[in-house]
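These features come from TrEMBL:
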- 16-101: domain 'Core-binding (CB)' (DOMAIN)
- 122-309: domain 'Tyr recombinase' (DOMAIN)
- R167: active site (ACT_SITE)
- K191: active site (ACT_SITE)
- H261: active site (ACT_SITE)
- R264: active site (ACT_SITE)
- H287: active site (ACT_SITE)
- Y296: active site, O-(3'-phospho-DNA)-tyrosine intermediate (ACT_SITE)
Amino acid sequence: MKDPSLTPDGTEHLPASLTVPVEDFCDHLSALRRSPNTIRGYRADLIDFMGHAHSHGDDALGKIGTSQVRAWLADTRLAGASPATMQRRWSAARVFFRWAANEGLIDCDPTAALTSANVPKRLPATLGVDQARHILDGAVAQARSDETPQGARDAAILEVLYGGGLRVGELCGLDLGDVDRSRQTVIVTGKGDKERTVPMGTPALHAIDTWLPRRAEWAGPDSGQALFLGARGGRIDQRVVRRVVHAHMRSEPDSPDLGPHGLRHAMATHLLEGGADLRTVQDILGHESLATTQIYTHVSTERLRTAFRQAHPRA
């Protein structure tokens, strides 16, 4: 467990009775093999919450009640936080206090009486089918004229992100042996090191096959079995993938400037619009909860409403 007095993030002004449980909770998440990004985000949110509670006179975890959680969320919203930030902070508080109650640190969970109904949910912006097709076709065409391996790699990255709905970290973690051409699948290691098998279409597999001979031009001692490499020969970095995706998104007029997760959103939405059932999409995306997948049904429904309003004479 970290010593709260040594952390240069404002926790030195908080009592250990509020910071130590947060550090213990983060250790718990680490033991569950949650991603470092998730742990950092939860810790920052919870330290912010403890600072808010302390400024209102609470100096022990057991003194914090439902009204304090509600006030913190309300102040977060008044500060102009995005819906995504609101959802993350609500989730951090809910998971933390549930853990604290299970550990016997508090008698009752102050978030138990609250729901997320008052936390606005933002529908993810997404690409249309034609927009996605133009972006991917443009990347493939660019690869043909690129004398360096970069064009072929970037086209394969885009095809795999959209073709399989992968998270950026999952794509960066792919190894050569994860691609099964005979079954047209890719083995993906997701959150919590859980593996799932994801179907991959012909365009994505063809893009991989086009990239592999060019991969050899960049491969070196640090390449290992990584499927996608950076220009120096090491496994590709998430920041590079994000730059690649943003650059190609901007090439399509009127398309939202989305990152890798935007291609994942688009793939899920297009599957549902094409008739795929929700459980299948959940399995492909690797969502633990069906509720996480259900947001894409809202995107599709909103498109139906828009089309109805535009076309129906009595809409």
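Glycine too: its Cβ is placed from the backbone N, Cα and C atoms.
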Which listed residue (R167, H261, H287) has most other Cβ within 10 Å, given these are active-site residues: R167
Y296 (active site, O-(3'-phospho-DNA)-tyrosine intermediate) to R167 (active site) - Cα separation in whole Å: 16
From H261, R264, H287: active-site residues whose CA lies within 10 A of K191 (active site): H287
Model confidence over the domain 'Core-binding (CB)' (16-101), averaged pLDDT: 89
Distance, H287 (active site) to H261 (active site) (CA atoms, angstrom): 14
For the domain 'Core-binding (CB)' (16-101), residues assigned helix / strand / coil by DSSP: 71 helix, 0 strand, 15 coil
Under 8 Å by Cβ from R264 (active site), same chain, sequence gap 6 or more: L161, G165, L166, R167, L285
CB contacts for K191 (active site) [other CB atoms within 10 A, all chains]: 15
Secondary structure of R264 (active site) (DSSP, helix/strand/coil): helix
K191 (active site) in three-state DSSP notation: helix
Cβ neighbour count within 10 Å of Y296 (active site, O-(3'-phospho-DNA)-tyrosine intermediate): 26
